[in-house]
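Chemist: Found this in TrEMBL, in case it helps:
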| type | residues | note |
| --- | --- | --- |
| COMPBIAS | 1-22 | compositional bias 'Basic and acidic residues' |
| REGION | 1-28 | region 'Disordered' |
| TRANSMEM | 37-57 | transmembrane segment |
| TRANSMEM | 63-84 | transmembrane segment |
| TRANSMEM | 91-115 | transmembrane segment |
| TRANSMEM | 210-230 | transmembrane segment |
| TRANSMEM | 242-264 | transmembrane segment |
| TRANSMEM | 311-333 | transmembrane segment |
| TRANSMEM | 373-392 | transmembrane segment |
| TRANSMEM | 412-435 | transmembrane segment |
| TRANSMEM | 450-470 | transmembrane segment |
| TRANSMEM | 482-506 | transmembrane segment |
| TRANSMEM | 513-533 | transmembrane segment |
| TRANSMEM | 545-565 | transmembrane segment |
Amino acid sequence: MSERPRSLRPRLADRRNARSAEPENEPEPLDLGLRPAIAVAAAGAVLQIVGLVMGVVSAPAGYTSWPLAAVLALLPPIAAAIFVGNRRPAAASALLAVFAAVSVGRAVAAVQLAVDASRVSRPDLVVVSGTVPPSASIGLWLLITGFAVTVVAGVLALDRDRPADEEPRRGLVVGAAGLGLLVAIGLVMAPFSSTDPLLPADGVFDSPTLTLVGGLLVALAMPVGAAVAASSGDADTVRGGIVGIGLAALVVGLPPAVAGYVIPVLHPSAGPWIALVGIALLVPFAFVSVGRQEPSLDEDVDLPSRRNLHLVAGIVGLVAAVSGLIAVALPLLSLPDGAAVPENYGIRLLLPASVLVGVLAVGLVVPGWAARLRPAFSVACAGIALAVASGFDTVLSATGVITSKATPGPGVWFGALALLLALVAVIVATLAGALEREDVDLSELESRPVLGWLALVVALLAVGAFGFPTVTGPDYESAGLWTFRIASTGSVVALVAVIVAAVLAARSRPSRGAALLFGAAGVAVVRALEFVVAGGRVAGSGPALGTWLAIACAVVLVVAAVLAMSGKPDSTT
């Protein structure tokens with residue numbers, strides 16, 4: 001047997017030994033150049049606090065929010081001072097710059113309180129009790145001045161000339177931007193729901209012009225700021241920028257979100273939770289290695305940062321699976337006077353989808369299996385979207401009628417949580433895959449024509465499997481792509497996931513390509529099981545064309561996966 005030629009690049013262990021022999025960088029001397037910026041930021045925080053204590057309009061707030069807002073306002077100067085004290089001036093500079101960008105949008109949105117406070121969904125600042133809008137007070141102008149001073153502090157902090165230490169990782173930039181976008185989505189959603197017609201519960205897009213512009217500026221700062229910080233190539237700038245994004249999102253979103261829990265006529269909504277999940281997943285990126293890892297062709301090295309991402313994706317996937325199982329067990333509708341809730345057969349599809357995701361998520365937390373199962377896990381999460389959309393189709397039909405007294409039940413919230421967590425898990429797993437591809441040499445990979453032809457067959461079968469109904473009966477057909485119902489959106493997501501997985505598998509390493517195909521087969525099986533778990537909704541029902549095409553699609557995907565595994569062993573895994 002001929003020995004495989006060794007790579008011209010040094011082995012990873014040799015590089016690590018070489019780096020360990022290098023002298024460690026001396027800690028930077030204490031940088032006092034940021035003292036003016038921190039002092040200005042502190043002044044801005046004081047102005048905001050004084051304005052909130054005095055009250056921003058002539059009407060009172062819905063709850064005593066100024067102690068919480070005061071603590072949040074002090075976070076930027078305190079965090080910046082801590083960074084400087086730890087000899088990380090670049091981190092302090094990035095953090096203050098983030099708060100400056102966010103403060104621009106907050107100042108614009110605050111002007112709406114002077115124009116017409118009755119149209120602003122900020123019960124932490126004002127609750128209107130009559131038809132006459134309250135007038136602005138001196139506290140509002142102090143608050144806006146505080147935002148302007150915070151912007152000045154950020155500008156002062158930007159006067160730093162620090163070259164990048166390393167070339168940034170593309171995976172880190174994409175992941176940070178993606179999670180920043182998730183935070184932004186949570187911030188633009190309504191922070192609560194309201195049963196009081198005088199207390200609006202509007203998201204950013206339903207708000208008046210100034211609030212809309214200000215809210216969009218704040219939301220835009222989340223993904224843009226995260227991406228700019230992650231692409232800096234300097235570890236301290238990455239850390240300060242991402243921590244700043246997380247703190248800024250809390251400062252903006254927490255006070256109105258708390259109102260949903262403490263004011264009787266308000267109720268919590270999903271927006272703040274989405275933002276919180278994004279923050280929780282984004283902030284750990286501040287401590288991920290910034291530079292690219294050198295590739296290794298000799299072994300399947302699972303670097304610590306990638307291993308941690310696999311663990312996070314696995315844990316989030318497990319919670320998503322458990323949430324899905326709980327959603328199946330709980331009612332999706334709530335009827336007044338204790339009326340019996342009709343059975344929602346559509347949500348039953350979440351049972352096999354959650355089991356599939358849960359099993360693969362367990363594999364992600366096992367270091368030896370994580371890298372090989374990750375592609376299958378990412379594709380399988382589309383099954384949760386397929387099932388949740390199917391279940392929610394009935395819920396939205398029942399609650400969308402004006403005369404209906406039905407309201408969403410507890411199962412809806414667990415189903416929505418399962419969908420959200422599945423999305424987060426896919427983002428984290430995709431980031432881990434991006435980091436892996438930076439660590440291996442993919443230049444010698446060749447497309448396998450047989451897998452390409454099978455991908456074409458899979459695409460045709462998948463269009464039919466997710467396009468045509470899977471259950472038919474007297475005067476009934478289940479949803480498909482062309483019924484244009486809520487359930488159709490889940491079919492679109494699953495269809496795209498299956499087709500993309502089949503196409504990518506033809507250009508992937510054998511083990512990774514096989515995992516993609518097995519994951520897509522799992523989604524097709526979930527689609528085929530719709531008749532089994534939900535066929536009882538109609539007497540005399542039977543499997544429709546979509547069921548048989550889903551089975552055929554799953555069979556072809558399994559055959560393709562076996563062929564992918566029979567290729568040359570992964571020399572680049």
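Even glycines carry a Cβ here, placed using N, Cα and C.
Curation does not apply to TrEMBL; its annotations are automatic.
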Chemist: Residue list, the transmembrane segment (545-565) vs rest of chain: Cβ under 8 Å, 6 or more residues beyond ends.
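Modeler: Residues 448, 450-451, 454-455, 457-458, 461-462, 464-471, 478, 480, 498, 502, 505, 508, 510-511, 513-515, 517-518, 520-521, 524-525, 527-528, 530-531.
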Chemist: Return yes if the transmembrane segment (311-333) and the transmembrane segment (242-264) have at least 3 CB pairs under 8 Å (sequence gap of 6 or more), otherwise no.
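Modeler: Counting Cβ pairs under 8 Å (6 or more apart in sequence), the transmembrane segment (311-333) does not reach the transmembrane segment (242-264), since there are fewer than 3.
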Chemist: Does the structure show the transmembrane segment (482-506) and the transmembrane segment (63-84) touching, where I'm treating 3 or more Cβ pairs under 8 angstroms (sequence separation 6 or more) as a contact?
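Modeler: Answer no: the transmembrane segment (482-506) and the transmembrane segment (63-84) share fewer than 3 Cβ pairs below 8 Å.
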Chemist: So which of 91-115, 373-392, 412-435, 513-533 is most in touch with the transmembrane segment (450-470), counting Cβ pairs under 8 Å?
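Modeler: When the Cβ pairs under 8 Å are tallied, 513-533 comes out ahead.
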Chemist: With Cβ-Cβ distances below 8 Å as the criterion, list the same-chain residues six or more beyond the ends of the transmembrane segment (242-264) that contact it, or say none.
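Modeler: For the transmembrane segment (242-264), the list is 62-63, 65, 68-69, 72-73, 75-76, 79, 91, 94-99, 102, 106, 121-124, 127, 176, 180, 183, 186-187, 191-193, 199, 218, 221-222, 225-226, 229-230, 271-272, 275, 278-279, 282-283, 285-286.
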Chemist: For the transmembrane segment (210-230), find every same-chain residue at least 6 residues outside the stretch whose CB is under 8 Å from a CB in it, and list them.
Modeler: 94, 98, 101-102, 104-112, 115, 119-121, 168-169, 172-173, 175-181, 183-185, 187-188, 204, 237-238, 240-242, 244-245, 248-249, 252, 282, 285
